[in-house]
Amino acid sequence: MENKQQSNGTTKENNSVKNKTNWSGSLILASLTGAFGSSFLYGYNLSVVNAPAGYIKKFYNETWERRYGFSMDEGTLTLLWSITVSIFAIGGLVGAIIVTPVVKFFGRKCTLVLNNVFAVAAALLMSLSLLAGSFEMLILGRIIMGVDAGISLSALPMYLSEISPKEIRGSLGQVTAIFICIGVFTGQVLGLPEIFGQESRWPFLFGAIIVPSLIQAVILPFLPESPRYLLLEKHNRSKAEKAFQRFLGKDDVSHEIEEVLAECRVQRNTKMVSIIQLLRTRAVRWQIVTVVVTMGCYQLCGLNAIWYYTNNIFSESGIDRETIPYVTLSTGGVETLAAVFSGLVIERLGRRPLLIGGFGLMVVFFGVLTVSLTLQNTVHWLPYLSIFCILAIIASFCIGPGGIPFVLTGEFFQQSQRPAAFMIAGTVNWLSNFAVGLLFPFIQAGLQTYCFLVFAGICFAGATYLFFVLPETKNKTLHEISQAFAKRNKVTLEMQEMNHYPGQRKSSEGQESNFTSSVDNGETKKGIV
C-alpha cells in the first residue's frame with residue numbers, strides 16, 4: 001500500500017514536471033513569431049482601412065479627375081471603395097486554394113517564411129500608391145495581401161497544431177485568434193489622428209505591414225520545421241527528433257516519436273489526399289461537415305454588422321464624433337482580452353463549452369440589441385444598453401467562435417488529410433467573408449435593425465448543430481477523436497483506419513517493415529509515401 005502511494009506520488013510528480021516542460025522557449029518563440037507575421041497581419045488588414053477611408057476616397061476622386069478631367073460620380077466611387085475592401089477576401093480565397101501544394105512541397109515553417117514575400121510586395125504597392133498617383137496599386141496590394149492572409153490562416157494553425165503537445169494544443173492554437181484581435185486593435189490605434197490617421201500620413205498605415213513580415217522572416221528560419229511533417233512526409237527521423245527536443249525542451253522524445261509512428265503505421269498504405277478523396281472518405285465525413293459549419297458560422301455570425309453599427313450607436317449615446325475613434329478602441333480591447341481569456345481556459349473548460357457557449361451568448365445579446373436599437377429613440381438610456389450588447393457580442397465571439405474553428409481543423413484529421421482539410425476550411429472561410437461583404441448592405445437596407453435577428457438565427461443553428469454533433473477534443477489523440485466520430489460516420493474503428501483513403505490499399509505486412517526501416521534510416525524509399 002505504501003509502495004502504491006509512493007508510486008502514485010512519483011507519477012503525479014512526473015506529470016507535474018512534464019506539464020512544466022510543455023512550454024519551451026522554442027515553442028513560445030515559434031508560436032509568437034509565426035502569429036505576429038501571419039494572423040496579426042490578417043487582423044490588422046481587417047481594420048486598417050476604416051480610419052483613412054475618407055482620405056482614400058478623396059485620393060481616388062482626385063486621381064480620376066486628374067486623368068479624365070471630371071470628378072467621379074458617387075456610384076463609381078462607392079463601387080471602387082467596395083472593391084478595395086472586399087477584394088481582400090478574393091485574394092484570401094486564392095491563398096486558401098494554393099496552400100495545400102505549397103505546404104506539402106515547402107513544409108509548414110518554410111511556407112510561412114516565403115509567404116512574407118506577398119506581404120512585403122503588398123505593403124510597398126499600397127504605401128507608394130499615393131506617391132505614384134495610382135489607386136490601382138492600392139487595389140492590387142489588397143489582393144496580394146489577401147493571398148498572404150489566405151495562406152497564413154491555413155499554414156499557421158497547421159504548424160501550431162503539429163508542434164504542440166496535446167496537453168496545450170488548444171491554448172497554443174488560440175494564439176492565432178489572439179493575434180488576429182491584437183492586429184485589429186493595432187490597426188485602430190495606428191489609425192488615430194495623432195498617429196497615422198491624417199491625410200498626409202495614411203500610406204504609413206500600409207507601410208507598417210513590412211515590420212511584422214521582416215521580423216518573422218528573420219527569426220522563423222532559425223526555428224525547427226514541424227516534427228510531424230519531417231517524420232511523416234519527409235521520413236527524416238533524426239531531424240524530427242531534434243525538432244521535438246527543441247519544442248518540448250527535453251532530451252527523451254521517444255514517446256512522442258512513437259506516437260507519431262503509430263499514426264504513420266495507420267497511414268502507411270496512403271498518399272497525401274486531395275480534396276475530392278477527402279470528401280469521398282466516409283471515415284471523416286462528419287468531421288468535414290463540422291469544420292464547414294464552424295468556419296461558416298465564424299464569418300456569418302454578424303461581427304461585420306457590429307462594426308458597421310458601432311459608430312452610429314456611439315453617436316446616438318451622445319458621444320462626440322471626434323471622441324468616437326477613441327471609444328472604438330474599447331471594442332478592440334475587449335476583443336483582445338476575451339481571446340486571451342479563451343487561450344487561458346481552453347485546456348480546462350474544453351473546446352465544446354466555449355464554442356457552444358459563445359454562439360449561445362451571441363444569440364441572447366443579438367436579441368437584446370435588436371430590441372434596444374428599435375426602441376432607443378423612446379428611452380434615453382437604451383443607447384447605453386446597445387453599447388453593452390456590442391461589447392458583449394464581441395467578447396462572446398472571441399471566447400470561442402473566434403479561434404476554436406482553426407484549432408478543430410488541426411485536431412480532426414490525420415497528417416495526410418490535414419492540408420486538404422485546411423483548404424476546405426479556408427475556402428469556406430473566405431467565401432463566407434466575401435458573401436457577408438457583398439450581401440450585408442442589402443440585408444441592412446431591407447431589415448434595418450432587425451438584420452441582427454438573421455445573425456442570431458445563424459448563431460442558434462451553429463450552436464444547436466455543435467451541441468448534438470461536436471465531441472470534446474481536449475487532451476485527446478487523433479485516434480480517440482476518430483473513435484468519437486466513428487458511430488456517426490457509420491464505420492467501425494478498424495474500418496475507419498483502413499478506409500481513410502479509398503482506392504490506395506496495399507499489402508500491409510511487408511510494407512510495415514519497409515516503412516519502419518525507411519523512417520529509422522531517415523530516408524524515403526520508392527513506393528513508401
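Placement of Cβ uses the backbone N, Cα and C atoms for every residue, glycine included.
Listed in TrEMBL for this protein:
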TRANSMEM  21-42  transmembrane segment
DOMAIN    31-474  domain 'Major facilitator superfamily (MFS) profile'
TRANSMEM  79-100  transmembrane segment
TRANSMEM  112-133  transmembrane segment
TRANSMEM  139-160  transmembrane segment
TRANSMEM  172-190  transmembrane segment
TRANSMEM  202-223  transmembrane segment
TRANSMEM  288-309  transmembrane segment
TRANSMEM  324-346  transmembrane segment
TRANSMEM  353-375  transmembrane segment
TRANSMEM  381-408  transmembrane segment
TRANSMEM  420-441  transmembrane segment
TRANSMEM  447-470  transmembrane segment
REGION    501-529  region 'Disordered'
COMPBIAS  510-521  compositional bias 'Polar residues'
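Long-range contacts of the transmembrane segment (353-375) within the same chain: residues 294, 297, 301-302, 309, 313, 342, 345-346, 382-383, 385-386, 389-390, 392-393, 396-402, 404-405, 449-450, 452-453, 455-456, 459-460, 462-463, 466-467, 470, each at least 6 residues beyond the stretch ends and with a Cβ under 8 Å from a Cβ of the stretch. With a cut-off of 8 Å on Cβ pairs spaced 6 or more residues apart, the transmembrane segment (79-100) and the transmembrane segment (420-441) reach 3 or more such pairs and are scored as touching. Counting Cβ pairs under 8 Å that are 6 or more residues apart, the transmembrane segment (420-441) and the transmembrane segment (288-309) reach 3 or more and are in contact.
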